[in-house]
Amino acid sequence: MSLVEHREGIEAGRLDMFVDGAFAFTLTLLVIGRDSIPASAAELLHMLGGIPAFAASFSMIAFFWHGHVRWRQHCLRADGRGLFLSLLLVFFALIFVYPLHMMFAGLFNAFSMGALPSEFVLDTSAKMRVLYVCYGLVFTCMAGTLALLFRHAARCERREGLSPLVAQREQLTWMVPTVLGLLSALLALALPLTVPSLWWSLPGWLYVLMFLIGPLTRRFQRKHGMS
């Protein structure tokens, strides 16, 4: 290994540690107890009511973090584009954490008919529009950044004489949430505030189409003869 490759490996490791630390920090912003300790059984039960929203938010943060972990497997060296896109992902993650928590806390509060606590109650069309638009746009930005990272990885592998197919498959995988987040935000903007409240579930139901990741990746693999 040359001195340059050794230095690039160290720089890549430092970047990954920074990204890991940033994602870990976003999880501390989701902790159900925050900076307060319950002083009574009622307060404890109220705090524990936030567990479902925390679990859903945790899984979503982990989903994006693991995307960056998989990207590093295809791009072992440090370069300017990878650095920029990784820092951009961190930037969006620190913004994403707030609409993410508000979205799931509000949804669990609504589904439980108020039994599960939420500081943000989805009781008006205007609130739902703002939340769906903010969540959808940041969701799109994070997924789109990962799609660009895998596009960059595919180009790097092609330059090094390696097969870019796996990285291209990952890029396709991240294009699905990129498009869905944007469609959800646009639908929330397009819906009139006067429509019945049931219509406001449509921007959220669009994310169910994430299941398309499986069929699309299998089609890609068949097309390119991947096992």
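Keep in mind that glycine also has a Cβ here, set from the backbone N, Cα and C atoms.
Those TrEMBL annotations? Automatic predictions, nothing curated.
Over in TrEMBL, the protein carries these features:
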- 12-32: transmembrane segment (TRANSMEM)
- 44-65: transmembrane segment (TRANSMEM)
- 85-110: transmembrane segment (TRANSMEM)
- 130-150: transmembrane segment (TRANSMEM)
- 171-191: transmembrane segment (TRANSMEM)
- 197-217: transmembrane segment (TRANSMEM)
Among the ranges 12-32, 44-65, 130-150, 171-191, 197-217, the one whose Cβ pairs under 8 Å to the transmembrane segment (85-110) are most numerous:
130-150
Stretch with greatest number of CB pairs under 8 Å, the transmembrane segment (171-191) reference, 44-65, 130-150, 197-217 candidates:
130-150
